């Protein structure tokens with residue numbers, strides 16, 4: 001009550017912020033007459049002037065009004081577009097590091113030019129993040145004209161571009177790219193072995209377009225760079241043959257082998273199912289011993305493969321969750337309907353789906369580097385974003401990213417009419433109504449956009465429309481390449497476009513069709529008459545569509561998130577245009593079936609509803625919204641939980657990547673190596689000669705043997721211990737340290753300082769990367785089983801933090817030991833020695849080849865028909881020549897001349 005009274009008196013926080021920013025808009029507008037009078041050269045000279053003022057200590061906020069006024073005037077001259085006042089407010093919100101919620105068609109791309117220009121003046125780089133490569137290249141090309149005119153450089157990054165081009169793009173004042181590309185390049189940079197191999201500068205400022213899609217919808221999917229693991233994929237194929245023989249239960253208590261938890265996207269074997277699965281696996285020879293049981297320790301890998309196969313068959317559907325293209329399983333984004341080429345599900349799920357579809361099963365991958373979008377974007381010094389739908393997720397943006405959402409008013413009032421939902425008993429009745437609505441719109445010349453939640457539904461609707469003779473376009477993952485063309489024509493009179501979810505998001509649907517696309521098709525050499533004719537035709541179509549009611553949106557199912565539904569609705573009614581929307585639902589829809597209250601379904605059946613009967617009731621709409629809120633809260637908990645765990649990994653990642661940066665930047669890592677060597681020697685001696693112990697507890701011979709095997713240092717300590725009466729552990733440690741230091745000094749003297757420094761750096765980076773890779777695998781295993789600790793009355797998150805710290809400490813110790821072992825055992829040769837060894841190897845290879853020829857002939861001599869063998873081979877016997885040795889014979893126990901350090905008999909002298 002009090003809050004509502006205060007809001008009425010003082011306005012909401014959003015209104016108060018808008019009032020403050022409106023004062024700045026007044027200042028910018030006051031500067032406009034002065035800025036308009038500047039010549040092109042004078043306007044362009046403002047950029048270096050602003051840079052000088054910033055260098056002199058002036059703040060960005062101080063020059064904001066003038067910089068925004070300059071950018072607005074430059075945009076008017078170069079692009080023919082002048083920023084509205086509400087767009088200036090949007091630009092200020094982005095500059096302040098907040099999220100600007102702006103309705104579809106309000107010109108978010110143009111809004112971004114204001115804060116991008118202002119922040120690029122600092123020269124530290126601005127990243128503009130888009131949801132796909134098409135939008136990144138389009139926006140970089142269109143807005144790049146403005147930035148270049150103002151004296152700023154623009155780059156765009158995309159997969160597969162040459163290394164030098166990508167470095168140049170990241171070195172630009174402004175860089176466009178997708179969230180995936182920025183993330184993967186960050187990981188690649190932290191796997192590079194030299195500064196020259198890195199792309200990115202410090203993460204300074206990012207503006208994320210469609211920020212809700214990237215920071216919320218994709219937050220559950222970590223970016224992973226991986227390499228193939230050693231395990232064969234054969235077991236996935238064998239287990240895949242078992243799963244179709246198991247039967248699905250209708251409920252957890254029903255009869256069958258397994259039941260599906262659709263909320264959690266998991267499959268669980270029943271008691272009977274475990275026994276049946278064991279029996280089938282034994283028959284297939286996958287389980288070896290019937291007495292051990294499916295859940296014995298040695299069969300855990302089989303359980304992992306079986307769970308993956310069950311999920312692949314029972315939960316993941318073709319043309320809904322993935323498509324099969326060119327013999328590969330390609331994931332379909334559940335939020336946008338776009339294909340995610342190059343991405344793979346983890347935990348063996350992708351391999352299980354490949355086995356199910358009968359395409360080649362690729363090896364499981366081992367993680368080399370990974371990061372979540374949550375932790376990637378939180379590393380930017382300043383982060384902001386823009387979208388048409390953020391207010392429903394304002395709490396999550398604030399709590400996880402520290403980003404406040406500011407709702408920007410529209411330039412013109414929205415006149416779209418949102419009709420109430422229509423609820424049917426089953427899918428058949430629902431789709432009959434959808435088809436009737438589409439046909440009605442097509443007859444009246446009203447364009448209609450139909451949003452579906454799967455490729456399967458879009459193709460089913462397409463088939464019905466084809467039979468009814470209704471011309472239409474389908475926009476889903478299978479028509480990804482034609483996306484821009486289809487969206488450009490979606491506003492034509494009577495056009496029918498079926499789209500999966502938000503495919504085509506980022507491109508406006510203009511009533512009457514895209515005038516820009518028609519101009520582009522004419523070419524630059526088109527006459528004024530031709531352009532005038534096109535403009536006249538477009539205006540006629542535009543007016544006809546407005547008269548028919550504008551763009552009509554049909555939703556065939558409610559999404560789990562209200563935000564996705566709002567995005568679909570937001571495609572209509574842009575810039576004050578007319579439009580309408582309606583959602584058609586059925587009790588068989590996933591949201592209604594899984595999350596809506598049972599009483600809704602019972603009530604509709606008790607009322608004797610038939611297939612084509614419809615309900616339009618606020619009570620039902622409230623229940624649907626309640627179900628959506630439940631799912632949103634559930635998904636938020638999942639993302640928050642993921643972040644809690646990844647924060648542990650992130651702290652460790654920061655330590656490792658900071659260490660790598662130090663190594664890459666250092667001219668020499670000798671001091672690091674010396675320090676590590678001291679630690680390793682101390683630990684090594686302490687294993688055999690514990691501190692503060694008596695000599696009866698010492699294992700001196702063990703220490704000598706370990707020094708020889710691990711460090712290549714021969715040192716006699718036994719005599720010293722026997723002959724010296726008063727000797728302690730510290731003296732032994734000092735003796736060992738001196739011997740190892742001398743061993744390293746000897747190596748350095750032999751090869752020179754420069755070579756040794758380069759080797760030390762290379763070994764430290766390589767061992768650190770290998771250790772981190774193995775540590776990530778251990779962390780994955782720890783994460784997968786950590787929830788079992790809950791059964792022991794322990795907090796899984798606390799246990800994870802504790803054990804992750806122990807694993808990390810262990811990894812760092814292992815890295816230290818491995819660095820010293822490698823540097824101690826490595827043998828570096830001069831160029832002359834390498835050339836000599838290569839010549840020796842050539843001679844040895846030639847001798848082995850001749851020996852094998854002689855052996856073959858000798859063996860042939862013992863055959864029953866030597867002449868027949870010669871006729872079949874087509875060769876006469878080779879003359880046996882005397883082989884003379886230029887060098888002393890290499891004994892089988894001598895070191896191999898190749899320099900491997902192995903005995904000759906275990907290297908190039910192995911018996912075949």
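Just so it is clear, glycine is given a Cβ too, placed from its N, Cα and C backbone atoms.
Per Swiss-Prot, the ATP site holds 87, 105, 106, 107, 108, 109; the candidate it also names there, chosen from 508, 525, 529, 537, is 508.
Highest Cβ count within 10 Å among the binding-site residues 106, 508: 106. For residue 107 (ATP binding site), the count of additional Cβ atoms within 10 Å of its Cβ stands at 19 [all protein chains shown]. Residue density at residue 109 (ATP binding site): 18 other Cβ atoms are found within 10 A of its Cβ, drawing on all protein chains shown.
Apart from the site residues 87, 105, 106, 107, 108, 109, 508, the chain places the Cβ of 102, 104, 110, 111 no farther than 8 Å from the centroid of the site's Cβ atoms, the recorded ATP location.
Site extent for ATP: the farthest pair of Cα atoms among 87, 105, 106, 107, 108, 109, 508 sits 17 Å apart.
The number of other CB atoms found within 10 A of the CB of residue 87 (ATP binding site), across every protein chain shown, is 27. Residue environment of residue 105 (ATP binding site) contains 22 other Cβ atoms, counted within 10 Å of its Cβ in all protein chains.
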